[in-house]
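Asker: A single structure is presented below for examination.
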């Protein structure tokens, strides 16, 4: 019994196993005593309970966790990494199908149970690999003066020899060509478009030039198309991806910085999941609720041609732009001292055109699922996940995570086989397909099994990829913050330099590099979008943890993000040079979290902390937001009244959470006295599991994203990578600002009331009676 209380042995076995026989010999027990012990074991569990052994439950958990961590080996991670990144493997291709079955094979060989794939038929997008996309600049006389390559060059042939690996493209870009003046719009945020208009520059009928960073690329294109652009170009600025300079000695493969023809690929879909089957799983036998034309009309798929270019091509465009200089915070480092201008058009009458070759196709994708069944609560799921599809080789995103997850599975099964440890709750391993196109595999899975997940899933723990080598970085919901912090204290710091400075654990460096304003706490953000945790939290109300390793930098992600240069060379020689010690630490942290949630008697969920965050952080933020609404005094009083009622409910939640904490303490004490009577434990844990579900609004909180149903933490409408606190309230305020009507005012109040209803739901969930 993995989570038995004081009195359990550190190595528990079957009563008929060899270790048990040795124990009987060692203690020279009488036959009567043996009979009693055997009877007790048969009645209760295959795991022993010896009242003479004073080992505590914490000792047992720490010992088992230590064995699992010791069993995680870097040589295995390296082996898996090379297997999974041998070829380019875009979702929907035979190469990615092969990776799926290699993952399934690795998990099966490790000993996971019921390893299988789950297929879906989804709309994907591919370029014409025989005809690269291009940017062409012609003189006023019609002579071609510049043409982009459209293909990134091979730099390490042993790892980058796949056919078409260098092709530069963006999924779901509109097929076709566009010729027009160019307008520079910085990062393409909502404020950037607003400021461009204030500066008197019109984007209608133009080609938008935008930098990567500060938001999801699909949102940039969505805004550009809404503003009337007929095409768009995205480029990486050297101030983000080549900070040491663009010379060969300062970029890949000498350093981690992007080389001069590197390009970030990605998806432009505005939303998550299959574009043609919102709300429902995209199974072959089910009807598609939306057509391609409707998806374009709804803004889910772009209609205009779009392509990514290198900073070398970006320079060729920027140096020709006419018009007034861009604002200082719109300037970058492409071309060194080059001053970015807004346009429209070029100074010397030259003309630009873009040619994009893109095709939409329905393809089969497949998720991979495997289990370690729990010995006590097999219907309680601790879910671990990572996606495996990549834009090219994907050795960083995502297959650094894929390799680590395979090793976590192997190490756990090794521990099970060599000791008597087995998790109390079921650990589910998930490898998602087509994440890069818009979280498709995970979203379809959640849509298919949402009712089961809301009953069985305890937590979903996601690790997309390893982004740096300095510090752990964790996003999670407030109810899980204590758990992620405590787990980080149990894993040794992978950096020798950090350990020499007295920072022995992941927690120590995390606290140093990413401190919160609150003393003694590392910075933890609410999860946004951009990876497979999003549908679990936003659609199903399953609490999530999304973690990685990062550097303390000013750019959004690592410089080689979504380039063809993500091959094992980058992991081993540029990113994690001490024998993949960061990869190993990531695996140890993943395993520590999984084991904690699988084996802790009471689930490590803290509703008191959540209530405190609600009162001290979320409500003051909401108060500031509603104070800025332009309404009459009487109308504002109506809003303020509803806000006060929400505040009262949040205070009730804090009071009830403190009372519920007393119930938890009583339950833990009772369990330590009689670990074979878990009914009180089950009652407490069922309430804890249900709290996050209270915030799911079946009607949704976003018109644009059907996966957004969480009234507190749904993904932002303006940036799919970010979370939006109380998105329904914010969306109602935005709508009112555009069209101030009485109905719009009532909707603001209604959305505040919906948040209050969810808080009341948590209060009622924690009560003993209705």
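Backbone N, Cα and C define each Cβ position, glycine as well.
Model, not experiment: these values are computed from the prediction.
When I checked Swiss-Prot for this same protein, it listed these features:
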TOPO_DOM  1-25  topological domain 'Cytoplasmic'
TRANSMEM  26-42  transmembrane segment
TOPO_DOM  43-770  topological domain 'Extracellular'
CARBOHYD  175  N-linked glycosylation site
REGION    282-597  region 'Catalytic'
CARBOHYD  337  N-linked glycosylation site
BINDING   387, 397, 464  Zn(2+) 1 binding site
BINDING   397, 436, 562  Zn(2+) 2 binding site
CARBOHYD  417  N-linked glycosylation site
ACT_SITE  435  active site, nucleophile
CARBOHYD  469  N-linked glycosylation site
CARBOHYD  546  N-linked glycosylation site
CARBOHYD  551  N-linked glycosylation site
CARBOHYD  579  N-linked glycosylation site
CARBOHYD  606  N-linked glycosylation site
CARBOHYD  630  N-linked glycosylation site
Asker: Within 8 Å of the centroid of the Cβ atoms of 387, 397, 464, which other residues of that chain place their own Cβ, given that this set defines the recorded Zn(2+) 1 site?
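Answerer: Sorted by sequence, the hits are 386, 394, 398, 401, 435, 436, 465, 531, 532.
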Asker: Relative to the Cα of residue 579 (N-linked glycosylation site), which of the glycosylation sites 175, 469, 551, 606, 630 has the closest Cα?
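Answerer: It is 469, whose Cα lies nearest.
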Asker: Based on Cα distances to residue 546 (N-linked glycosylation site), point out the closest of the binding-site residues 436, 464, 562.
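Answerer: Smallest Cα separation from residue 546 (N-linked glycosylation site) among 436, 464, 562: 464.
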Asker: Out of 469, 546, 551, 579, 630, which of the glycosylation sites has the smallest number of neighbouring Cβ atoms within 10 Å?
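Answerer: Selected from the glycosylation sites 469, 546, 551, 579, 630 on minimum Cβ neighbours within 10 Å: 630.
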Asker: Just give me the nearest neighbour of residue 469 (N-linked glycosylation site) among the recorded positions 175, 387, 397, 435, Cα to Cα.
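Answerer: For residue 469 (N-linked glycosylation site), the closest Cα among 175, 387, 397, 435 is found at 397.
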Asker: I'd like the Cβ neighbour count for residue 464 (Zn(2+) 1 binding site), meaning other Cβ atoms within 10 Å of its Cβ, all protein chains included.
Answerer: 23
Asker: When the Cα-Cα distance from residue 337 (N-linked glycosylation site) is computed for each of the recorded positions 387, 397, 435, 464, 562, which gives the smallest value?
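Answerer: Checked the recorded positions 387, 397, 435, 464, 562; minimum Cα distance to residue 337 (N-linked glycosylation site) goes to 562.
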Asker: So among 417, 435, 551, 606, all listed as recorded positions, which is physically nearest to residue 387 (Zn(2+) 1 binding site)? Use the C-alpha atoms.
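Answerer: Sorting the recorded positions by distance from residue 387 (Zn(2+) 1 binding site), the top entry is 435.
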Asker: Quick check on the recorded positions 397, 435, 436: which one has the highest count of other Cβ atoms within 10 Å of its Cβ?
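Answerer: Result of the Cβ crowding comparison: 435.
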Asker: So of all those recorded positions, 175, 436, 606, which one's Cα sits nearest to residue 551 (N-linked glycosylation site)?
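Answerer: So, of the listed recorded positions, the one sitting closest to residue 551 (N-linked glycosylation site) is 436.
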Asker: For the glycosylation sites 337, 417, 606, which one has its C-beta crowded by the most other C-beta atoms within 10 angstroms?
Answerer: 606
Asker: Whose Cβ lies within 8 Å of the mean position of the Cβ atoms of 397, 436, 562, the Zn(2+) 2 site, other than those residues?
Answerer: 265, 266, 390, 391, 394, 398, 561, 566
Asker: Can you tell me the CA-to-CA distance separating residue 175 (N-linked glycosylation site) and residue 464 (Zn(2+) 1 binding site), as a whole number of Å?
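Answerer: Cα-Cα distance, residue 175 (N-linked glycosylation site) to residue 464 (Zn(2+) 1 binding site): 30 Å.
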